[in-house]
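Q: Have a look at this one.
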Amino acid sequence: MVGTPLFSNAKKILLLGSGELGKEVIIEAQRFGVECIAVDSYENAPAMQVAHRFHVIDMKDGGALRAVIEREKPDLIVPEIEAINTDTLKELETEGYHVVPTANATKLTMDREGIRRLAFEKLGLRTAKYEFAESLEELKEAVQRIGIPCVIKPIMSSSGKGQSTIKSERDIEKSWDYAKSAARGIGTKVIVEEFIKFDYEITLLTARTSEGTKFCEPIGHIQIDGDYHESWQPHPMCAPTKAKAQEMAKKITDELGGYGIFGVELFVLDDEVIFSEVSPRPHDTGMVTMVTQKMSEFEIHARAILGLPVNVDILFPGASHVIKSEILKWAPEYEIHEASKVKDTKIRLFGKPIAKVGRRMGVALAVSDDITKARENAEKAAHLVNIK
């Protein structure tokens, strides 16, 4: 049951992190009459622009996080990013607050060490070979054991920040410094992973709902330096490999528990499925579902956490391509007229208050009976957007 926003009977969602994914979640939640509060570390973040109200705090500060939650008393606490004091969330959960999907899932998935040990050591899922290192010397030893090339990532980071590929011994120190710079201020530990020459990688959006677990069609994607660049749906998979992917996704999401959508990232090599990462929230590669599915990943997430039925059917093949800034500027302006002329394509601008070089500022979405054509149109439209 939901009430009326801004009245005493309102159903309240408090969103921790107010980026472009959270913005879409709030839009979908508001369609059901949910009162939405957005929280982030800076003013005028995308989700704040559509929320009923917002707060600006350091979400890694447990005291500040507790204060805003106790003030708002939300029915649902919905993390949208990883840079949150998850120990405080676990405490609040024991006091009766509802964290989506669970506080433990939020804590595990913000920590590459925790989720990798869960996947490989507890659940027996196939992963890349890995080791952890807390110093430059430990990193050198780990690289020697894993072999070159290998991938290094901070255990606490997101969107490819701090991730690099070591291609020779000369890269080790540079990769170590880069990883430390992106570690969200929580330690210096890194994970060193075997470099897998996979055939392709997918995101399998997995919805845990009151009606059971449901899977969206696989989303193929390309990342550059660990950051989302383009995605398309559906990505073709043979039935046995798809079944393996769904089995793996169900194992990891069942262990994490709760309701909502999970972005399960998988590598596929010779029809074998290899676990990479999981996010207990909508996934950036899943933005393509805004034009491909009957319900986008954001509507699915909102419905699932509210206990409502979901539909994961695909309507059209389609693609998404990021719109990135090439400048540094407050309150940027966008020339979108030419981009809007591209056939069967839509432009979605996030409304970020500052443009930075390489920052995602929007996406171009395209549909077509031919995935290749959809990808071409999305890329064309994205590159026609002029940010100035």
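Cβ coordinates come from backbone N, Cα and C, glycine included.
Annotations per Swiss-Prot:
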BINDING   GLU20, LEU21, GLU80, ASP284, LYS352, ARG359, ARG360  N(1)-(5-phospho-beta-D-ribosyl)glycinamide binding site
BINDING   ARG112, LYS153, SER158, SER159, GLY160, LYS161, GLY162, GLN163, GLU193, GLU194, PHE195, ILE196, GLU201  ATP binding site
DOMAIN    117-306  domain 'ATP-grasp'
BINDING   GLU265, GLU277  Mg(2+) binding site
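What's the neighbourhood like for each of these?
A: Under DSSP, GLU80 (N(1)-(5-phospho-beta-D-ribosyl)glycinamide binding site) is assigned to coil, being neither helix nor strand in the three-state scheme. Of all Cβ atoms in the protein chains displayed, 25 besides its own lie within 10 Å of the Cβ of GLU80 (N(1)-(5-phospho-beta-D-ribosyl)glycinamide binding site).
Around the Cβ of PHE195 (ATP binding site), 16 further Cβ atoms fall within 10 Å across all displayed protein chains. In the three-state DSSP reading, PHE195 (ATP binding site) counts as coil.
Taken together, the residues of the domain 'ATP-grasp' (117-306) have an average pLDDT of 93.
If you draw a 10 Å sphere around the CB of GLU265 (Mg(2+) binding site), it holds 20 other CB atoms from the protein chains shown.
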Q: Please report the Cα separation of GLU20 (N(1)-(5-phospho-beta-D-ribosyl)glycinamide binding site) and GLU193 (ATP binding site) in Å, rounded to an integer.
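A: So the alpha carbons of GLU20 (N(1)-(5-phospho-beta-D-ribosyl)glycinamide binding site) and GLU193 (ATP binding site) sit roughly 29 Å from each other.
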Q: Fewest other Cβ atoms within 10 Å: which of the binding-site residues GLU193, GLU277, ASP284 wins that one? Let me know.
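A: Checked GLU193, GLU277, ASP284; of these binding-site residues, fewest Cβ neighbours within 10 Å: GLU277.
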Q: Translate the DSSP assignment of GLU277 (Mg(2+) binding site) into the three-state scheme.
A: strand
Q: Measure from the Cβ of LEU21 (N(1)-(5-phospho-beta-D-ribosyl)glycinamide binding site) and count the other Cβ atoms within 10 Å, all protein chains considered.
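A: Its Cβ shell of radius 10 Å holds 26 other Cβ atoms.
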Q: Restricting the comparison to the binding-site residues GLY162, PHE195, GLU201, GLU277, which residue's C-alpha is spatially nearest the C-alpha of LEU21 (N(1)-(5-phospho-beta-D-ribosyl)glycinamide binding site)?
A: GLU277
